[in-house]
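Undergrad: So TrEMBL has the following annotated:
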- 600-666: domain 'CBS' (DOMAIN)
- 697-755: domain 'CBS' (DOMAIN)
- 68-92: transmembrane segment (TRANSMEM)
- 153-175: transmembrane segment (TRANSMEM)
- 195-215: transmembrane segment (TRANSMEM)
- 227-243: transmembrane segment (TRANSMEM)
- 255-279: transmembrane segment (TRANSMEM)
- 332-356: transmembrane segment (TRANSMEM)
- 368-385: transmembrane segment (TRANSMEM)
- 441-461: transmembrane segment (TRANSMEM)
- 468-487: transmembrane segment (TRANSMEM)
- 515-540: transmembrane segment (TRANSMEM)
Amino acid sequence: MVNAGAMSGSGNLMDFLDEPFPDVGTYEDFHTIDWLREKSRDTDRHRKITSKSKESIWEFIKSLLDAWSGWVVMLLIGLLAGTLAGVIDLAVDWMTDLKEGVCLSAFWYSHEQCCWTSNETTFEDRDKCPLWQKWSELLVNQSEGASAYILNYLMYILWALLFAFLAVSLVRVFAPYACGSGIPEIKTILSGFIIRGYLGKWTLLIKTVTLVLVVSSGLSLGKEGPLVHVACCCGNFFSSLFSKYSKNEGKRREVLSAAAAAGVSVAFGAPIGGVLFSLEEVSYYFPLKTLWRSFFAALVAAFTLRSINPFGNSRLVLFYVEYHTPWYMAELFPFILLGVFGGLWGTLFIRCNIAWCRRRKTTKLGKYPVLEVIVVTAITAISAYPNPYTRQSTSELISELFNDCGALESSQLCDYINDPNMTRPVDDIPDRPAGVGVYTAMWQLALALIFKIVITIFTFGMKIPSGLFIPSMAVGAMAGRMVGIGVEQLAYHHHDWIVFRNWCRPGADCVTPGLYAMVGAAACLGGVTRMTVSLVVIMFELTGGLEYIVPLMAAAVTSKWVADAFGKEGIYEAHIHLNGYPFLDVKDEFTHRTLATDVMRPRRGEPPLSVLTQDSMTVEDVETLIKETDYNGFPVVVSRDSERLIGFAQRRELILAIKNARQRQEGIVSNSIMYFTEEPPELPANSPHPLKLRRVLNLSPFTVTDHTPMETVVDIFRKLGLRQCLVTRSGRLLGIITKKDVLRHMAQMANQDPESIMFN
């Protein structure tokens, strides 16, 4: 029923040339690569290097360099990705504080760095030091009162608008591909689609600069998703330096998979989580060799970031925490409730965000990207400033919500009423009744939660770099912290209830609200992205606590179950479908009972299939066929009468072959006969010189019979990464199925518009 052989067409591509001509084997923009062909070409290249290595010492050294080039590329990706992440972190820290004030001793210092260097800073007033001045103090010499508040408010809004305007303008003018999170496109590229320029040098530069600007502007977005795009741009740049990767799109994608792992490694300080994220979420083809190299790239990236130490706490992320209290079985119930909340929030967010993005695409709104960014930034800044939890950067907010209340904490969330007789170790403070600060913090958090939920829907998808990890975690962390404080107060005031009696005695430290915030963050991130294993490992690496894996797993699995009950798509798959990228998701199931003959082209009533014959068409005939059609390739048959299949010729290679033959081979004219056989056909004595193109022909194209179930065909396309598949009956060619035909058919079977899969 199904046959496939080793791909031919390697080595020299034209019989009259010793060397292959330039650009052969490359693909045009917005086309899909042929994975089998790329694999075959790499095997041939490797075989040639191995046989040559026995000829001389120099060839042996070259073969060693070729073998090591993969590890060198990983090292370079790790170093550059780690350095860029460190620079972005430092710049964001400074520019976020710039909205509130400036350091007099050195304007490039952030608030914290400014006060570190000051000798007049006391521990109690560590956030206030003479060297750091708010804009009201600097401009009108007032630090308190209504006029100072209004001036600071206005400066906050103006800086936010300036940063956002600069970011959207840079993206619009220099690198339109630098917008969004980049993960949906990277998933599509890794599945074999070509988007030229998406991982280019300009995109890398502009994305890095604008990422700093948009995060500093206070918009509800994160830098973690875009850091994966930045790391993949690094991977693409270093791939182009080595011919092993630059000339083989399949090998290049192995490098990009490892680069994605390095991106998550520096985003969360989670090297193992990064490798698992690449494996679970973005990669399409992930051989064991790529797993090791991803691990190495993630390790180097994390080590580089640790050396830069952007947060000054010897940690890779701002919200690293350590808890000292174990969790108890009874707490699984609130953890699972947080999982349910995460699943519901994920579903709500995906539906609303996709509806808004679709509206942006189909209405006039999409024509004014700069205005949209300015309006959303203005609304965000005006609404965020009055609430201390939305005014600070989202990473700082998550850090505060994750934090365990120690004796030295000055946060409102730690304003508990202390027992004057308490004499206990610093890290084991018993549960206490909530003070005024905690109640104030609770309603401020509730308002911040509603604001974040609404504003994130409109922010994600604008024409600026925008990650989703951090806003999702913030939503979950706020909900989790409020639930945690509620459970803590319940346990304190009702410790004689049967639920608390066994594990929460008076004077004990039973409940850690920060842990609930962490579980809530994991649940919401899982609900939006549908990650499970990699998510739990990332959160575990953030906290360094092995014993909290079970609560995290419970929340992640619950949120995935709840979200999947409303729809199987995560946010990235939803955006892939919205943009019409040709992505065959491995997770999708095809259960319909259709056959290859129902899907193949041509259908009934359509013109017959465009084919080439093996030895009866002229150069002019072929050029006319290429001009009049836009197919990626043509089946080659014995004759139009027999329709017996010989092989398949790619459009691009036919064009290049004819062009090169006209330039380099004498006697090739428009009425020269083109033949794909070993021996030239018998021609009249006065006929022009024929053109032999057997080397361009793939003699073993993938074929299925007309009665092959579509379930099998879909599986073949997924697992082998085919571009097209020919349909035959008893060796006679009947039609062709392309990847887009498969996607159209799947959309049709799911009652969707079959044209919605066309690249938009």
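Just so you know, glycine gets a Cβ as well, placed from its N, Cα and C.
TrEMBL: automatically predicted annotations, no manual curation.
Surface or core, plus neighbours and distances: that's what I need for these features.
TA: Within the same chain, residues 208, 211-212, 215-216, 223, 227, 230-231, 234-235, 238-239, 241-242, 244-245, 255, 258-259, 262-263, 265-267, 289, 293, 296-305, 307-311, 393 sit at least 6 positions outside the transmembrane segment (68-92) and bring their C-beta atoms closer than 8 Å to a C-beta of that stretch.
Sequence-distant contacts of the transmembrane segment (153-175) (same chain, six or more residues past either end, CB-CB distance under 8 Å): 95, 98-100, 135, 200, 202-203, 205-207, 209-210, 213-214, 216-219, 369-370, 373-374, 377-378, 380-382, 385, 391, 462-465.
Beyond the transmembrane segment (227-243), the same-chain residues lying 6 or more positions past its ends with a Cβ under 8 Å from any Cβ of the stretch are 69, 72-73, 76-77, 80-81, 84-85, 88, 181-183, 185-186, 189, 199-201, 203-204, 207-208, 211, 252, 255-256, 258-260, 262-264, 266-267, 282, 301, 465, 467.
Counting only same-chain residues 6+ beyond the ends of the transmembrane segment (255-279), those with a CB under 8 A from a CB of the stretch are 70, 73-74, 77-78, 81-82, 85-86, 186, 189-190, 199, 223-225, 227-232, 234-236, 238-239, 245, 285-286, 290-291, 293-302, 304-305, 315-317, 320, 469, 531, 533-535, 537-538, 540-542.
Cβ atoms under 8 Å from those of the transmembrane segment (368-385) belong to residues 153, 156-157, 160-161, 164-165, 167-169, 172, 217-220, 360, 391, 451, 455, 458-459, 462-464 of the same chain, restricted to positions at least 6 beyond its ends.
Beyond the ends of the transmembrane segment (468-487), by six or more residues, the same chain brings 181, 220-225, 267-268, 331, 334, 337-338, 341-342, 345-346, 349, 389, 394-395, 397-398, 401-402, 413, 434, 438, 442, 445-446, 448-449, 452-453, 456, 459-460, 511-525, 527-529, 571 to within a C-beta distance below 8 angstroms of the stretch.
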Undergrad: Who are the chain neighbours of the transmembrane segment (515-540) in space, where the CB to CB distance is under 8 Å and they lie at least 6 residues beyond its ends?
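TA: Same-chain contacts beyond the flanks: 264, 268, 270, 272-274, 276-277, 279-281, 321, 323, 325, 327, 334-335, 338-339, 341-347, 349-350, 398, 401-402, 468-469, 472-481, 483-484, 487, 546, 548-549, 551-553, 555-560, 562-564, 569-572.
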Undergrad: Restricting to the domain 'CBS' (697-755), report the mean pLDDT as a whole number.
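TA: It averages 89.
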Undergrad: Tally of helix, strand and coil residues over the domain 'CBS' (600-666) according to DSSP?
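TA: Tallying H, G and I as helix, E and B as strand, the rest coil: 24 helix, 17 strand, 26 coil.
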Undergrad: Grab the same-chain neighbours of the transmembrane segment (441-461) for me: Cβ-Cβ under 8 Å, and only residues 6 or more beyond its ends, written as numbers and ranges.
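TA: For the transmembrane segment (441-461), the list is 180-181, 219-221, 345, 348-349, 352-353, 356-357, 360, 376, 379-380, 383-384, 387-390, 397, 411-413, 415, 468, 471-472, 474-475, 478-479, 481-482, 485, 571, 575.
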Undergrad: Please list the DSSP helix, strand and coil residue counts for the domain 'CBS' (697-755).
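TA: Tallying H, G and I as helix, E and B as strand, the rest coil: 24 helix, 19 strand, 16 coil.
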Undergrad: Same-chain Cβ contacts of the transmembrane segment (332-356) under 8 Å, 6 or more residues past its ends?
TA: 453, 456-458, 460-461, 472, 475-476, 479-480, 483-484, 487, 516, 519-520, 522-530, 550-551, 554-567, 569-571, 574-575, 578
